[in-house]
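*Asks:* Quick paste from TrEMBL:
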DOMAIN    13-122  domain 'Aspartate/homoserine dehydrogenase NAD-binding'
BINDING   Ala125, Asn193  NAD(+) binding site
DOMAIN    172-257  domain 'Aspartate dehydrogenase'
ACT_SITE  His223  active site
Amino acid sequence: MPINQELRVGIAGLGAVGKTLARRLDDGIFGLRLAAIAVRDPAKAADTVAALKRPVPLVTLAELAEHADIVIECAPAHLVAEIAEPVLRAGKTLIVLSCGALLDRMDLVDLAREHGGQIIVPTGALLGLDAVTAAGEGTIHSVRMITRKPVRGLLGAPYLVDNNIRIEDVVEPIRVFSGSAREAAKGFPANLNVVVALALAGVGPDDTQLEIWADPELTRNTHLIEVDSDAASFSMSIQNIPTENPKTGRITAQSVLAALRKVRSPLRVGT
Ligand SMILES: NC(=O)C1=CN([C@@H]2O[C@H](COP(=O)(O)OP(=O)(O)OC[C@H]3O[C@@H](n4cnc5c(N)ncnc54)[C@H](OP(=O)(O)O)[C@@H]3O)[C@@H](O)[C@H]2O)C=CC1
Ligand SMILES: O=C([O-])CC(=O)C(=O)O
């Protein structure tokens, strides 16, 4: 790819994250150009698409790979494989936000390897994955995360429904889950992608431990991470302001924008 040629970016899913990405890419990011968007319901996307300064086509999920060099998955988790396969088969780059879905489809990593493509899991609504991956160059002894969310950020999660855990009327914080990142990805597929990103950066989904609390007093999605390794011990926490989707923090889209900006930047900071 010649250095002065713009990379084309495709967006799969125009929800809380996708809309922000579309607007910000349309505003301009050095070396990149918004090239196509795939949505479920074109009528719902019409206003956002019409407001773009440089119009882009609405295409199917399968067509994104023909239109883009980098495709961003910001759609429901069950669509990850459908979005990923054509992109990786074409040797292109896929940015995955619903990364919990990758745990059952690690064959997609093999597909990327086979065709020279790449899957990027951005830091998303979390922080510090640079430090976790650096610690992984040595020996990590433990990774633990405690997530506290407002009740509306957890409602409807399959784990709560299957275990008959009612949180609608709680008046004080309750712990609703304690287990591994792998179990959390199954039980909270739309709420805890962050712990899967942490697991993939560090000690894997079976050894990354998580507690989830529903807290009626909270307005932000908060994550506290504790890592112990032979190079450093560190604690990190983040309090995410929700978007129009109460499950998703504002910083999620900004994390993708930061990752995109690095693709062509002559100065790159952080790992
Ligand atoms: N890794 C991380 O740190 C984080 C990951 N996430 C994950 O990122 C993903 C996106 O989050 P968010 O933007 O908040 O989610 P939203 O629910 O706001 O948006 C998802 C969008 O995908 C659309 N969609 C549904 N089916 C299709 C289809 N067949 N083709 C194209 N688009 C479709 C939906 O449309 P419609 O509404 O019309 O059905 C909706 O607009 C989620 O899976 C979420 O769990 C979120 C936060 C942090
Ligand atoms: O994990 C997620 O998918 C989202 C999340 O916790 C947040 O936005 O804080």
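Every residue, even glycine, has its Cβ placed from backbone N, Cα and C.
Describe each of these features in terms of where it is and what it packs against.
*Replies:* Neighbour list (Asn193 (NAD(+) binding site), Cβ cut-off 8 Å, at least 6 residues apart, same chain): Ala77, Leu97, Ser98, Cys99, Gly100, Gly124, Ala125, Ala185. A helical conformation is recorded for Asn193 (NAD(+) binding site) in the three-state DSSP classification.
Following the DSSP three-state reduction, the secondary structure of His223 (active site) is strand. Summarising the environment of His223 (active site), the number of other Cβ atoms within 10 Å of its Cβ, over all protein chains shown, is 25.
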*Asks:* Taking the recorded positions Ala125, Asn193, His223, which residues show a Cβ-atom distance to ligand 1 below 6 Å?
*Replies:* Ala125, Asn193
